[in-house]
């Protein structure tokens, strides 16, 4: 059966339609198709690239508490640009010690470039270390680096930012001599320093002319700085010219430009021009900010336009721009200066009722205003109120409180203010010292006034000559002539020209106290500014009880001043010498000097000398000197008659 069935099976297969062919694909093709299908269905996230060794090293150094140690580990990996990133990180995070350590590490390995120096000087400016910046810049040996414009701009910016304006201009001149080619940023940096200079506008004009001579163009930043300089030096018309010129050159003014010109108008309280400027600002599509509105408030207040000022203050309140005391202070100060004390008090009380916190400025304005107006108790009450509510003070508030406490003779409060000044480490200024000096004078404790003057002088403050002269005279009257002479010397050696009367007053005090050696110092240096009567009094006293060894020097000093010494003064000196025969050489020198200067002794002194001639060596010696004097005197008399 098996044999017979086989053909049938085969036949049936042959008679059946053939099955469709099975596609055949290479194995790699199938895998690719599957992979593509999976990718389309669910794309796989790419693996993040592995960080480079340099990037990893930078990150580790930035995170290290000891960046120098970390730098040492990666010295072979890091490049200069990597170190610059680390340097800037130290600066941005205010790690000033690490900043300098990293820079020094870079210098030692010569891994610095212009960006390194530029960044370092920038951060030294922020850390208030301009002296270090100058030191590092001066040590640069590479000439190309010394005149690299970004390096120069950065060190100049450091100096200007820290108020070293004179040093910045001096260094700039050196840079120019060495070959610096300044760019607009150089001039912008220097111009910003002109705002605080006494002759800043003149200096700024010189810089502008120099910039133009180099073919550099003014930009909006430089125009803005120039407008601010004009405002700070009260050059209002010039500010207007530059503002218009800026617009004519196609620069669109921004809020800073408008604010600077508005500041110029505020100096002269020109509210008409200020309002026109604000209209122009709004027409240009800009919206005034808090600074501009506050400046406009200042314009109204200084101009006495108080109704408009109050309306503007209301606008500031509605806009949320009056949450601090400054806008109120501007208007309160304007009212006080306009003589409207009651209006100022009402606004001040309104400010307090609204809960506006005062840092002391508004209080100091009102305390000082009440004090000047003679409302001493009310002023004192306000000072107490601030003291009860506030622990922190600034110098302005301390001075205001000190003045009102002194005016009411509240010694306890005065001492409390001085103690607070010490606790808060606030250095006194001229106002502080002069307030205390006047207070001690009024209390007739002149020795304390003297100690205050001494402290003031030691701290380098300019002395008030009128006040110090009063203290000097009172010290003399109170029996403190040495202290009075000390005040005189402090005034005389300060950097100023004192009044002529000061020397005569000092001389009077010293002669009365018989401090004749000190009196001689006053005469020797200032005899030509002292009256003949005062010189006469001094000379008489000195001949009687002054240092005998200085008598001849005193005579010469008096003669140099142009004052003709009287025969009475010579007579007193001769009497003094006769009582001291051991000083015979001084007497003989005096007599010889008199002959040479055209002086001669009177008959009384002549007879006294001849009677005591034996005390001074051979009798003939004195006689010969006196004879020469007589001969010279006769010759002068004959000559005078001949001339007449």
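Every residue, even glycine, has its Cβ placed from backbone N, Cα and C.
Per TrEMBL, the feature region 'Disordered' maps to 1-27.
Residues of the same chain lying 6 or more positions beyond the ends of the repeat 'PPR' (148-182) and with a Cβ under 8 Å from any Cβ of it are 114-115, 117-122, 124-126, 128, 130, 133-134, 137, 140, 189-190, 192-194, 196-197, 203, 211, 214, 216. Look at TrEMBL and you will find 148-182 (among others) tagged as repeat 'PPR'.
Same-chain residues lying 6+ beyond the ends of the repeat 'PPR' (183-218) with a Cβ under 8 Å from its Cβ atoms: 149, 152-153, 156-157, 159-160, 163, 165, 168-169, 172, 225-226, 228-230, 232-233, 235, 238, 246, 249. TrEMBL lists 183-218 (among others) with the feature repeat 'PPR'.
Assigned with DSSP, the residues of the domain 'PROP1-like PPR' (199-339) fall into helix, strand and coil as follows: 104 helix, 0 strand, 37 coil. Residues or ranges marked as domain 'PROP1-like PPR' in TrEMBL: 199-339.
Positions annotated as repeat 'PPR' by TrEMBL: 219-253 (among others). Through the fold, the repeat 'PPR' (219-253) approaches residues 184, 187-188, 191-192, 194-196, 200-201, 204, 208, 211, 260-261, 263-265, 267-268, 270, 284 of its own chain, all at least 6 residues removed from its boundaries and within a Cβ separation under 8 Å.
Per TrEMBL, the feature repeat 'PPR' maps to 254-288 (among others). Across the repeat 'PPR' (254-288), the model assigns an average pLDDT of 91.
According to TrEMBL, the repeat 'PPR' annotation covers 289-323 (among others).
For 324-358 (among others), the entry in TrEMBL reads repeat 'PPR'.
The repeat 'PPR' feature in TrEMBL is assigned to 394-428 (among others). Taken residue by residue, the repeat 'PPR' (394-428) breaks down under DSSP into 26 helix, 0 strand, 9 coil.
Positions annotated as repeat 'PPR' by TrEMBL: 429-463 (among others).
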Chain residues in Cβ proximity to the repeat 'PPR' (254-288) (below 8 Å; excluding those fewer than six residues from its ends, i.e. six or more beyond): 220, 223-224, 227-228, 230-232, 234-236, 239-240, 243, 246, 295-296, 298-300, 302-305, 308
